[in-house]
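Listed in Swiss-Prot for this protein:
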| type | residues | note |
| --- | --- | --- |
| ACT_SITE | ASP215 | active site, proton acceptor |
| DOMAIN | 32-229 | domain 'PNPLA' |
| CARBOHYD | ASN115 | N-linked glycosylation site |
| MOTIF | 36-41 | motif 'GXGXXG' |
| MOTIF | 75-79 | motif 'GXSXG' |
| SIGNAL | 1-23 | signal peptide |
Amino acid sequence: MATTKSFLILFFMILATTSSTCAKLEEMVTVLSIDGGGIKGIIPAIILEFLEGQLQEVDNNKDARLADYFDVIGGTSTGGLLTAMITTPNENNRPFAAAKDIVPFYFEHGPHIFNYSGSIFGPRYDGKYLLQVLQEKLGETRVHQALTEVAISSFDIKTNKPVIFTKSNLAKSPELDAKMYDICYSIAAAPIYFPPHHFVTHTSNGATYEFNLVDGGVATVGDPALLSLSVATRLAQEDPAFSSIKSLDYKQMLLLSLGTGTNSEFDKTYTAEEAAKWGPLRWMLAIQQLTNAASSYMTDYYISTVFQARHSQNNYLRVQENALTGTTTEMDDASEANMELLVQVGETLLKKPVSKDSPETYEEALKRFAKLLSNRKKLRANKASY
């Protein structure tokens, strides 16, 4: 329902927009969105590694990083963790993790994060190791220090409202300048898997704010692309760097959306005869699976429709594997064998066609995106030098 409402708002805003010429390349807003999915985050990590490698090759710069090219990077659950890894600064004010470091991170820490430590009456994992690793990696870094705009969603179970962490929100809501490790644990706290996370923030005027957060997938249902576009739209309206963008027009947006894979349009299918025998617990598990899959599919459909309506379909690329099988469909199977399979899935996905109607592979499409991102960055730099 929330996703449908968001789409309708965006759709009617676009219909109300008068036809305009395509934005200058240097003034296009570039957006990267990364889905949630637990250990399946290995799949988009492979895609990010390929893209960053292409950017380094095109610009002949081995130190090029994704945060140098995207105006907004958003994610939820494991996608939010990837967002933090590639936007959180190190002591040299550069991303503390290159894209090639993400898969090794999963291999090193995944088995400890997803090591059963709960009980039949509580979450499957106690989350202690996850929180410890996040504290070690992200330190005391806060939202305002992110190297580009971020859009990370969580959900507060005490206020029953989504909580969106972005740099641009901080002027009006300084309490949202939380530590990145608190945010990353919160967005990983998927119901059933990890316990909710409680923390407080303090503003400069001495006010204290309390948060009781769970996985952002509760708010964005796994696919944060609409949220990321919303943040990008606000950025375009407020930042003088995008002066030619007078209203919402997807000709002026460049969106890369990365999924964590499904085994069809829906993660699992059931018959009415099967479902008729389910009790409340079984229904709870099935509803979570079906809602996530259906919402991800519909979000992609909505966004594709809007970009096509503005004759800007080449400005949107959704990278998603729809043929996962066996253990690769599980968000918490961090066995080495399964993680190796997920790496293979990501590498194979690069060779697959973007759609049934197009011979272009994901690898070719990402190379095209890399050239656009590189050219835009150079034009932006040249404009700033005058």
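In case you wondered, yes, glycine gets a Cβ from its N, Cα and C as well.
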Six or more residues out from either end of the motif 'GXSXG' (75-79), which same-chain residues have a Cβ under 8 Å from its Cβ atoms?
-> 33-41, 44, 151-154, 187-188, 190, 215-217, 219-220, 222-224, 227, 258, 260
Might you list, by sequence position, any residue in that chain lying six or more from ASP215 (active site, proton acceptor) with a Cβ less than 8 Å away from its Cβ?
-> GLY36, THR76, SER77, SER154, PHE155, SER186, ILE187, ALA188, ALA189, ALA190, PRO191, PHE194
